[in-house]
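According to TrEMBL, the protein has these features:
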- LYS7, ALA8, LYS9, LEU10, ARG11: ATP binding site (BINDING)
- GLU59: substrate binding site (BINDING)
Amino acid sequence: MNQAIAKAKLRRQFKALRAQQLPAVQDTIIQQVVNTIQGYLKAGNLRGHIGIYWPLSGEVDLRELKLNLKLPLALPVSGEDGSLSYHPWTLTPLRKDACMIPAPLGEAVLDADAIGLLLIPALAMDQRGIRLGYGGGFFDRFRSNLTWRKVPSLAVLPEACISTELLPRDSWDVPLDGWISERGVARVK
Ligand SMILES: Nc1nc2c(c(=O)[nH]1)N(C=O)[C@@H](CNc1ccc(C(=O)N[C@@H](CCC(=O)O)C(=O)O)cc1)CN2
Ligand SMILES: Nc1ncnc2c1ncn2[C@@H]1O[C@H](COP(=O)(O)OP(=O)(O)OP(=O)(O)O)[C@@H](O)[C@H]1O
């Protein structure tokens, strides 16, 4: 229970910090995301879709990648049962998912081997790749599946939200592979 209270407090703090930082760093973060994707492409390490997200307030808005990159993108769909799936982001109108976020509900579910990179929003991250989200557990539940865990997954957030101290870690927390901030990409060792 103490851990839940600690997480809730950190959520509030990092949410405020992220909102305060975002305007100044958002454009640079997007550029670093593009650089990172180009790095994967050059290395021949990217196939299939790139999973992004429909931004909530305070999250880096990556939607311009749909215009600027000629690569297929996917968006998450949340279910009432706490599940998450990724579907192609096409021209089909989006509809609200279980979290009321616009999502490609009418498109087929993508398998892990159809996604080469997942870009994930976060309130905060620590050096181990432990991520703090809104508390729904969607990404932890999703990445508890070993097949999905193999898909490179990077958080996208301002550098100020990389916690200098380790974040509280619960048994279900699955670390991400790294993050992209205005300083570029960092991978967890
Ligand atoms: N853009 C985006 N999509 C996502 C997530 C996310 O964090 N960001 N999720 C990650 O798990 C899942 C949805 N989970 C969510 C869980 C809780 C809240 C939530 O409590 N939202 C706040 C207000 C958000 C805001 O500031 O606009 C609320 O309703 O009070 C939102 C999404 C899947 N899709
Ligand atoms: N693999 C899992 N199976 C079942 N429940 C899970 C799993 N992973 C996480 N949960 C549940 O999700 C809830 C929230 O987890 P946590 O506090 O770590 O959220 P978060 O990672 O910050 O949020 P989110 O992933 O939605 O952004 C917890 O109550 C936890 O029990």
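Including glycine, each Cβ sits where the backbone N, Cα and C put it.
Unlike curated records, TrEMBL annotations are generated automatically.
Where TrEMBL records a feature, it is marked here on the structure.
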residue	record	contacts (Cβ under 8 Å, 6+ apart)
LYS7	ATP binding site	LEU132, GLY135, LEU167, PRO168
ALA8	ATP binding site	GLY135
LYS9	ATP binding site	none
LEU10	ATP binding site	LEU123, ALA124, LEU132, SER163, LEU167, PRO168
ARG11	ATP binding site	LEU123, LEU132, TYR134, GLY135
GLU59	substrate binding site	ARG18, TYR53, PRO121, VAL156
Structural state of the residue listed as 'substrate binding site', classified by DSSP into three states: coil
